[in-house]
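Features of the protein shown, as given by TrEMBL:
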DOMAIN    1-122  domain 'Kinesin motor'
BINDING   Gly12, Gln13, Thr14, Gly15, Ala16, Gly17, Lys18, Thr19  ATP binding site
Amino acid sequence: MNAINGTIITYGQTGAGKTYSMEGPSISDCDPERKGLLPRVVDGLFEFIKSAEEATKYTVKMSMVEIYMEKVRDLFDLSKDNLQIKESRTQGIFLSGVTEASTQHFAGRDPECLSSFLSSFK
C-alpha cells in the first residue's frame with residue numbers, strides 16, 4: 001500500500017441517519033454485525049497492516065470535519081469552526097489547521113476496535 005488519502009462523505013438532512021451509518025449504534029461497540037462504515041473501514045485498514053511484512057512501518061492519520069452553512073468545522077477540536085481550504089504543490093488540497101489524529105502502527109499489532117484507535121489521541 002502506498003501513501004493514499006481517502007475520503008468518506010455523508011450528505012443529507014438532519015435526522016436522515018448519517019451518524020448512524022458512519023458509526024453504527026455506538027462507535028465503541030465492537031460487535032461486527034452492528035458496526036457502522038467508519039469502524040469497518042478502520043478495521044479493514046488495520047487488518048491489511050496486520051497481514052503486511054513484519055518490518056513494514058505504517059502511519060495512519062485521520063481527520064474528521066463537518067461542512068455546514070459553507071463553514072468547515074474540525075470535529076476533533078470544535079473551537080476550530082471555520083477551517084480554510086488551501087492548495088500547495090507539495091500537499092495538494094488540504095484543510096489548514098485541521099486536527100490530525102495519528103498513530104504509527106507496526107504490522108501485527110492492531111487495536112481491538114475504532115474506539116481504542118480514537119482514544120489514543122485524547
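Including glycine, each Cβ sits where the backbone N, Cα and C put it.
The structure, with features from TrEMBL marked on it.
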residue: Gly12; record: ATP binding site; Cβ contacts under 8 Å, 6 or more apart: Lys18
residue: Gln13; record: ATP binding site; Cβ contacts under 8 Å, 6 or more apart: none
residue: Thr14; record: ATP binding site; Cβ contacts under 8 Å, 6 or more apart: none
residue: Gly15; record: ATP binding site; Cβ contacts under 8 Å, 6 or more apart: none
residue: Ala16; record: ATP binding site; Cβ contacts under 8 Å, 6 or more apart: none
residue: Gly17; record: ATP binding site; Cβ contacts under 8 Å, 6 or more apart: none
residue: Thr19; record: ATP binding site; Cβ contacts under 8 Å, 6 or more apart: none
Mean pLDDT for the domain 'Kinesin motor' (1-122), rounded to an integer?
80
From the centroid of the CB atoms of Gly12, Gln13, Thr14, Gly15, Ala16, Gly17, Lys18, Thr19, the recorded ATP site, which same-chain residues not already listed sit within 8 A by their CB, in sequence order?
Thr10
Around the Cβ of Lys18 (ATP binding site), other Cβ atoms found within 10 Å total 15
According to DSSP, which of helix, strand or coil covers Lys18 (ATP binding site)?
helix
